[in-house]
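Working notes, structure below.
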Amino acid sequence: MHPTSARLLNILVPIKRTIDYAVKIRVNPQNTGVDTNVKHSMNPFDEIAVEEAIRQRERNKDAIKSIKVVSIGPPKASEVIRSALAMGADSGIHVEYPDSAPSPEPLAIAKTLKAIIEREAKEKNAPIDLVILGKQAIDDDAGQTGQMLAGLLGWGQATYASKVELDASGKSANVTTEIDGGSQQLKGQLPMVITTDLRLNEPRYASLPNIMKAKKKPVEKLSPSDLGIDLTPLLETIRISEPAKRQAGAKVETVEELVAKLKEAGFKAA
Amino acid sequence: MSRLLTSATPRHLARTRTLMTTTSFTPTQLSIRHSILSLCRTKFPNSYWREADQTSSDPTSFHAAIASAGFLGIALPESYGGAGLGISEATMMMQSIAESGAGMAGAQAIHANVYATQPLLKFASEEMKSEVLPRIVDGSERVCFGVTEPGAGLDTMSLRTTAVRQMGEDGEEVYRISGQKVWTTCAHVADRIILLARTSPREAVSKPSAALSLFCIPLDRTQEGLTMRRIPKMGGRAVDAAEVFFTDYTAHASCLIGGVEGKGWEIVTHGMNAERCLLAGEALGLGYAALERAASYAKEREVFGRPIGKNQGIAHPLAEAWIRLEAAKLATYHAARMYDESTASEASSAVGQQDVDAPTQKEVGVAANSAKYLAAEVAFAACERAVLTHGGMGYAVEYDVERWFRESLVPRIAPVSREMILNFVGEKVLGLPRSY
């Protein structure tokens, strides 16, 4: 048994299956969305979040009881859950919606996560102490889910984290976060929500034994209605189009020529 | 899609980018690929392999890293520390190693540990398996494979190394081994050799193959009867290939695999189709690596004010190499899948269930040899084209393509020549008479 009477921590890492970062995005011919028939993988910021949860456990070995990942997505989202389990998470939840359903918006995702967190506390007796998730997903770049979730739960939040120091016994966290022109230090009590930025860590590669173990780790499948959630978007996408092609510029040989051109175009010295 | 990423692409993303399409691979194969590419590209970049090649120094830290990430036991059961996967997964692993930039040198540094343990698994005693396999899996020991001799290459039946069973000085039975092996990869860094040797004179047995036996022998360098000489060679210089000389070398009688003499050939041939598949995968990896490098150079390098890749004289041969690589990939993983199906069906027929649809050994052999042939030829073509695309720079070590080009001769020659594969297909598929 653990020597102290303090309850061990549970970490939840929400992850999203997105179009692979290396794929060149193309608007579909109907102008209703992008072509999704391309390679997908785990949102890179979420990969950093999974890595951070695992590193926290490596640092605070006896203090962290579980790392659970959750993905809200179509059937194939199960692939990114397995990737996270192969990296070292313990178990997963897949809130599945059909391939044909529209992509849910951040608010619906945040509400789903809140429902899961409440369910973990009530039904599983495993209250979540820390949520670590990507600062944004690289598909819609909304960058809202973490903040909305913290708001809905009434928890503290540290967003765009580049360093996380967990004080497991004091149940608090010191977080360095990226802000315009520098960084700031935040200290907050658990439970809290942390969103990850690029500099936080470099995710590991899964070892073969861990890839094999991941196949046997439990993944619970839920539907949005199991959680009493409606994922229907509140916004209607009217049209998606490619950005206009940029016209090629002209090269100038000298500063004088540049100044002359600027004057020609109507610019004046201040 | 986030433009935030283009300015600061995390390093962990760039490492798994490749040209190969990955449709129809299993999630396990893709996880292995992702993990191997990440591991290799982060920890063992091209500079590591350039240096190892130039200085002929063994990639010991690479072998150790692959072992500690648990990959050497990919095709061994969990009871020996392995992952219990098949040749389809092992092929993907070997391809990804080569494709990371490690090339044939990286593949050869661990090849025998993955492949030569298969016959051990099937035929060795429980005692030998539990002694040897876990040590190979965890990387504490390395193994090499000694079949080829100066006078016996593809005509294995004429090999001359002998192993004679005698009573040893301490009253225990031993084998005394004398003879010479050649092209033994990793001999200098290996702790054990899987050795094919003659236990009876050719004329003393009903068929020539019954005179050969397979051994798993500790390489005791303190014995005078063991010497090795490194063979200077064209490519893959990081990994040693040696002449190994045995003169009355003594090994305990328990080193005989399978406990019965005369089974050596049967045991060795058992793993051959698996090795063809692995080699095909390694060739593919090499080809994709070279092609990717060539394509990126052709995009960046400007001559006459435009990228050279705009010239069809540059673009078309690269496009053709990609098409042929993709085709060879399908052939390779088709063969690997057949191998795994036939192995699974052997296992189920052993417990009394026949799978009539399972591929026969001949079908597996045809598929594996064909795949090896195709993959080796296109890998060579891709590497040559990569050098030519680079022009003079292709000849410089710094650009890596000359290293891969030198290595691309290996899968064309080993483990079986192109000509012998054509002979095999001519005879077994087309029903033509044998020429040799």
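Residue numbering: from 1, along the chain as shown.
Cβ coordinates come from backbone N, Cα and C, glycine included.
TrEMBL lists B:26-139 with the feature domain 'Acyl-CoA dehydrogenase/oxidase N-terminal'. Summarising the annotation, TrEMBL assigns domain 'Acyl-CoA oxidase/dehydrogenase middle' to B:144-248. Marked as domain 'Acyl-CoA dehydrogenase/oxidase C-terminal' by TrEMBL: B:262-429.
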What is the three-state DSSP composition of the domain 'Acyl-CoA oxidase/dehydrogenase middle' (B:144-248), stated as helix, strand and coil residue counts?
13 helix, 51 strand, 41 coil
With DSSP as the yardstick, break the domain 'Acyl-CoA dehydrogenase/oxidase N-terminal' (B:26-139) down into helix, strand and coil residue counts.
87 helix, 0 strand, 27 coil
Average pLDDT across the domain 'Acyl-CoA oxidase/dehydrogenase middle' (B:144-248)?
94
